[in-house]
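Pulled from TrEMBL:
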| type | residues | note |
| --- | --- | --- |
| DOMAIN | 1-40 | domain 'SANT' |
| COMPBIAS | 90-104 | compositional bias 'Basic and acidic residues' |
| REGION | 90-124 | region 'Disordered' |
| REGION | 135-154 | region 'Disordered' |
| COMPBIAS | 140-149 | compositional bias 'Basic residues' |
| REGION | 535-576 | region 'Disordered' |
| COMPBIAS | 567-576 | compositional bias 'Low complexity' |
| COILED | 773-807 | coiled coil |
Amino acid sequence: MKYGLNQWARISSLLVRKSAKQCKARWYEWLDPAIKKTEWTREEDEKLLHLAKLMPCQWRTIAPIVGRTPAQCLDRYERLLDQAVAKDVNYDPRDDPRRLRPGEIDPNPEAKPARPDAVDMDEDEKEMLSEARARLANTRGKKAKRKAREKQLEEARRLAQLQKKRELKAAGIDVRSRSKNSKAVDYSSEVAFELKPQAGFYSTADEEKTTRSMQQEFRPVTVEELEGRRRKDIEEALIKKDIKRQKINEMHDAPNAVARQMGLDQEGPRRRGKLMLPAPQVSEAELEQIARLGVDGALEASVSEGAGGDATRTLLGQYNQTPAARLGMGPGATPMRTPRAGPGGGDRIMAEAAALARLQGMGTVLEGGEAGVDVASMDFAGVTPRNVVAATPNPLAGMTPSVRGAAGGAGGATARVVPGSIAGVSATPSVAGTPLRAGSGGVGPGATPLIRDALGLNEADALTMEAAVSKRAAAARAAVMRGELRERLAGLPTPQNEYAFEVPEAPDAEEEAEDAMEEDLADVRARKAREEAERRRREELKKSKALQRQLPRPLNLDSLPAPKPAAPSAAGASAEQLRERAEELVALEMRGLLQHDAAKYPVKDAREARKKGGKQQQAASGPVPVLEEFELEALQSAAELVDKEVAYLRNVWDHAKLGPEEYSEVWMAVHRDLIYLPSRQRYERAASATNVDRIDSLKSDFEHVRADMEREAKKAAKLEGKLGLLLGGLQRRHGDLSGRVGELWAQVRDAAQELVCFKALHERELRAAPERLEALGELVDATKRREADLQERFKALTRRRDELAAALAQKRVASS
């Protein structure tokens, strides 16, 4: 550890793709020399199970007590639980379901052995590894480290510049580097210290002398000397130097070096402990007596059968039922090894793991029923598990017939179970299980009887004495167990909490009969949903017709007419007064309904006005008026009465023949006759309004329409802006494609015209081609005839030239 156990961020910078947390976990989970990687011992398993029972899921607390890492403790605990639950003797670790399959990611890689480095690493990773090796090998301080880093950066900068120039030159771009100092030598464009030869002929004797002297002093130089030492060689030299220094220090200070090495190796100085085996349950003398009984008591087959066969067989006892025979061996044979422990003496570790597995799977006590785990019998006394001395089981003690059974003539086996025993045998040989004296004919109480009296021929005095001794020993043992129980009960801690139980009252028989079957949750939800739907339907039917039909309602109820004074009683009123009284009652009921609907189901615009108006407007709305509640059947009967009255009036007034067109005309006429008066803030008939009121009404309508138009214009502008952002690219693409489509259409049109022209030209060529071919044929024939004539003329002229030449030659000869 060069940087100690606290600088994990600095350590992670030296590794490839490793964080500080991963480095720390790797050290504390695997690389720490104090971590034990050996097989788990029985004591460690017992301690682990006991601590897991005391402190569940606290593995970081359990790990230092056991002496392992938390990951090792958790993995071992899960494996023990799996083995205990599966109870598979042929457990194979390769079939472990927690074993990683190909392609899976290890969730805890820090606790696994290291793997070899990958060969196909990236250049960045290799460079980082080399830098990390250089930093680890550097022992001269930060300055050398900085120098090496600067040199590496300068080299990388130079290579990058060179690569850039090469790429530009390959692309045809000539980059001329301008020198900062014009007086200095430019090594890229000129030869440094060049000596130009002299003009003309000159002697080279001096140069040859200089060359010979240089050859004598020449020494070959290696590439390493020219380029310098490689970084890898420098690192190896530094590592060797560090190893040599450590060896020198160990030679000068040998005791401290040995102690340091022993401290790193925890397994080295550990001595093997003595093999602690329990005391044998069966002594050598008892084994000899059992063997002697088997040999001496084995009768021949003919003697055992008797001379009389079946008639005399009942007169003989079953003397061949020795422990060896019961175990399936021959007469007189002694088992070569101690039999395995029975169910009562199994593996304590597997039993404890199975109990913990059942404890984890146990539900809450509120569910009722049996828990399945006896928590009271589990060991919670201390941090370490209880030390139990293992004893060699002796099943022969439970299989051998006792003296009492022999006295009774049955020859049955009676086994006494002592507390703390294994398979019915005490863990420690007691007085009742050890012979009184070796080599004597008698035996101690409770031991294997040396006298087998199947027919009851012996006296019972000795047997009675042995029975008395056994009773006294059992009484003493019971007294000792009662004392131990009292001491343990006295050592229990004082109670911390008090629990009180409240017994619920028993339901009546009728309620039990009603609640005999618990309703399913899905049925309960469906029933509640049906009830809620029915309730909403009935509430909807109880609403006013304006709400049911979603008709427009007034925003302000202040314009409603004020209620008129009470009319005289019905006793002294006329028919006209009764009609007016009825109209007043209808108007009051309508006013109440409008106020109730406006308060309970406000109009959307009214709700927005309340949001803008603040608390004053909310206070002005007031509480919801209370209406008289009627049953749905009463409302339906009242609606039927109204429908009957409407039908009667339509027949009386002869309105049944009128259609929807007549009703629309009347409604439009009434609607036109009503105008809104801003001064009075309500609707009135146009006939009763003055000209000023009509002008104000038209102005109000104009302002409303104008406000609506401006609001819609703003919405349209916003939508237009959004659509412009959303469809701007599509519109530009549409314009481009439209232009291309126009160009392509023009090209198609020109191509069609050219096609028509070329077709016409083709037809004309088909008609004119034979005539031209005939004319050309005639021209060829005329040319051939003329060429033949010219050839004949050329031949005649050539012959004439030869004759004239010959005559001229003869004349010259003659004249000479």
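Each position is counted from 1, following the chain as shown.
Even glycines carry a Cβ here, placed using N, Cα and C.
Taking Cβ pairs closer than 8 Å, the coiled coil (773-807) reaches no residue in its own chain that is 6 or more past its ends. Packing against the compositional bias 'Basic residues' (140-149) from elsewhere in the chain are residues 134: each is 6 or more residues past its ends and has a CB under 8 Å from a CB in it. Summarised by DSSP class, the composition of the domain 'SANT' (1-40) is 17 helix, 0 strand, 23 coil. When averaged over the domain 'SANT' (1-40), pLDDT in the model lands at 88. Here the compositional bias 'Basic residues' (140-149) is broken down by DSSP into helix, strand and coil counts: 8 helix, 0 strand, 2 coil.
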